[in-house]
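Enquirer: Let me give you the structure first, and then I'll get to my questions.
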Amino acid sequence: MEKGMNVLHDFGIQSTHYLQVNYQDSQDWFILVSVIADLRNAFYVLFPIWFHLREAVGIKLLWVAVIGDWLNLVFKWILFGQRPYWWVMDTDYYSNASVPLIKQFPVTCETGPGSPSGHAMGTAGVYYVMVTSTLSMFRGKKKPTYRFRCLNVILWLGFWAVQLNVCLSRIYLAAHFPHQVVAGVLSGIAVAETFRHIQSIYNASLKKYFFITFFLLSFAIGFYLLLKGLGVDLLWTLEKARRWCERPEWVHIDTTPFASLLKNVGTLFGLGLALNSSMYRESCKGTLSKWFPFRLSCIVVSLILLHLFDSLKPPSQIELIFYVLSFCKSAAVPLASVSLIPYCLARVLGQPDKKSL
């Protein structure tokens, strides 16, 4: 088993080396792709846009992003995936040969296990939701037209172009091996496809959101404690990241498994609070919500305020405080974009004339 994995990892190292040597001019592009593919953009950019354009799509997008990333965490704890940037330095596979030179970048040194790729899984799930939802909106109940078929081809070509760029980016940056990004894409699509058949998320009560959040958090912590009790160190990757990362400042605590867990459950709990609040019912369920200028205003204000909010980084000196603040910050994102911002704008704009609806 280990010998087979070493061969697979060596193929990944050679792939990374090939990309870094032959596509040096694309370095900035691959870094940009990796930054854009971060799941944070699904929460801070894509969610407020889709929620105020098509509420059901926004809700499904957030559920897919959260549950997909939670499953990604569990998979990583089970699979114990290596990362190229530390494996190439840590392995004795190259004992009788020269070690391939692998460059590191500011976004390379993530601290969690590597399989499956979180960037690939998150992007695949979120973009799958957007593509399938867009196609369902334009198709209607009639027989597909020529224009619809063209749109179908264009959107799916765009989808796979995005996935290819994300996968190549993660390999180029030495953050993942090829088999890890492929596993991420397939897993993300599977999660998104599953949520196409789940209707209960659109009218879930606050109690249901609370219990699901509690289950996700307690299961992950319980699973961690169980494996730890069996002698398995699930934070083994943190030591490797700190040891083999080229620069200490490139190792960020917000990429640890528990940071990801708290962000996800915080986001889902915040969505539950927002959708079951009186501010949401007054602003997003009345006649004003049908007025396009109002919805557009909600999108613009949400994007601006969430961008400013995202720039506020919780202090990371004390891990417990960092995790608690990460949970609160994540919960505030859907709470602001779903209820607080629309409520305030509704008070400012007032009720529109019926002719303008």
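Cβ coordinates come from backbone N, Cα and C, glycine included.
Feature table excerpt (Swiss-Prot):
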type	residues	note
TOPO_DOM	1-28	topological domain 'Lumenal'
TRANSMEM	29-49	transmembrane segment
TOPO_DOM	50-60	topological domain 'Cytoplasmic'
TRANSMEM	61-81	transmembrane segment
TOPO_DOM	82-117	topological domain 'Lumenal'
TRANSMEM	118-138	transmembrane segment
ACT_SITE	His119	active site, proton donor
TOPO_DOM	139-147	topological domain 'Cytoplasmic'
TRANSMEM	148-168	transmembrane segment
TRANSMEM	171-191	transmembrane segment
ACT_SITE	His176	active site, nucleophile
TOPO_DOM	192-209	topological domain 'Cytoplasmic'
TRANSMEM	210-230	transmembrane segment
TOPO_DOM	231-254	topological domain 'Lumenal'
TRANSMEM	255-275	transmembrane segment
TOPO_DOM	276-291	topological domain 'Cytoplasmic'
TRANSMEM	292-312	transmembrane segment
TOPO_DOM	313-320	topological domain 'Lumenal'
TRANSMEM	321-341	transmembrane segment
TOPO_DOM	342-357	topological domain 'Cytoplasmic'
Enquirer: Could you give the residue numbers and ranges of same-chain residues that sit at least 6 residues beyond the transmembrane segment (210-230) on either side and whose C-beta is under 8 angstroms from one of its C-beta atoms?
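Expert: For the transmembrane segment (210-230), the far contacts come to 70, 73-74, 77, 204, 261, 264-265, 268-269, 272.
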Enquirer: Taking the Cα atoms as reference points, how far is the residue listed as 'active site, proton donor' from His176 (active site, nucleophile) in Å?
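Expert: Spelling it out, the Cα of the residue listed as 'active site, proton donor' and the Cα of His176 (active site, nucleophile) are 10 Å apart.
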Enquirer: What same-chain residues lie close to the transmembrane segment (321-341): Cβ under 8 Å, and 6 or more beyond its ends?
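Expert: Residues 43-44, 47-48, 51-52, 62, 253-254, 258-259, 262-267, 269-271, 273-275, 277, 279-280, 283-284, 298, 301-302, 305-306, 309, 312, 314-315 contact the transmembrane segment (321-341) from elsewhere in the chain.
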Enquirer: Hey, which bits of the same chain come close to the transmembrane segment (61-81), Cβ under 8 Å, at least six residues off its ends?
Expert: 39, 42-43, 46-47, 50, 112-116, 118, 121-122, 125-126, 128-130, 177, 180, 184, 187-188, 191-192, 195, 201, 216, 220, 223-224, 227, 234, 236, 257, 260-261, 264-265, 267-268, 271, 334
Enquirer: Return the residues near the residue listed as 'active site, nucleophile', defined as same-chain residues 6+ apart in sequence whose C-beta is under 8 angstroms from its C-beta, sorted by sequence, else 'none'.
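Expert: The list for the residue listed as 'active site, nucleophile' reads Gly12, Arg83, Pro84, Gly114, Ser115, Ser117, His119, Ala120, Arg170, Gly184, given in order along the sequence.
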Enquirer: What same-chain residues lie close to the transmembrane segment (292-312): Cβ under 8 Å, and 6 or more beyond its ends?
Expert: 40, 44-45, 48-49, 52-53, 329, 332-333, 336-337, 341-342, 345-346, 349, 352, 356
Enquirer: Where does the mean pLDDT land for the topological domain 'Lumenal' (231-254)?
Expert: 87
Enquirer: Would you mind splitting the topological domain 'Lumenal' (313-320) into helix, strand and coil residue counts from DSSP?
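Expert: Counting residues by DSSP class gives 2 helix, 0 strand, 6 coil.
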Enquirer: For His176 (active site, nucleophile), what is the secondary structure state per DSSP, taken as helix, strand or coil?
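Expert: His176 (active site, nucleophile) sits in coil per DSSP, no helix or strand.
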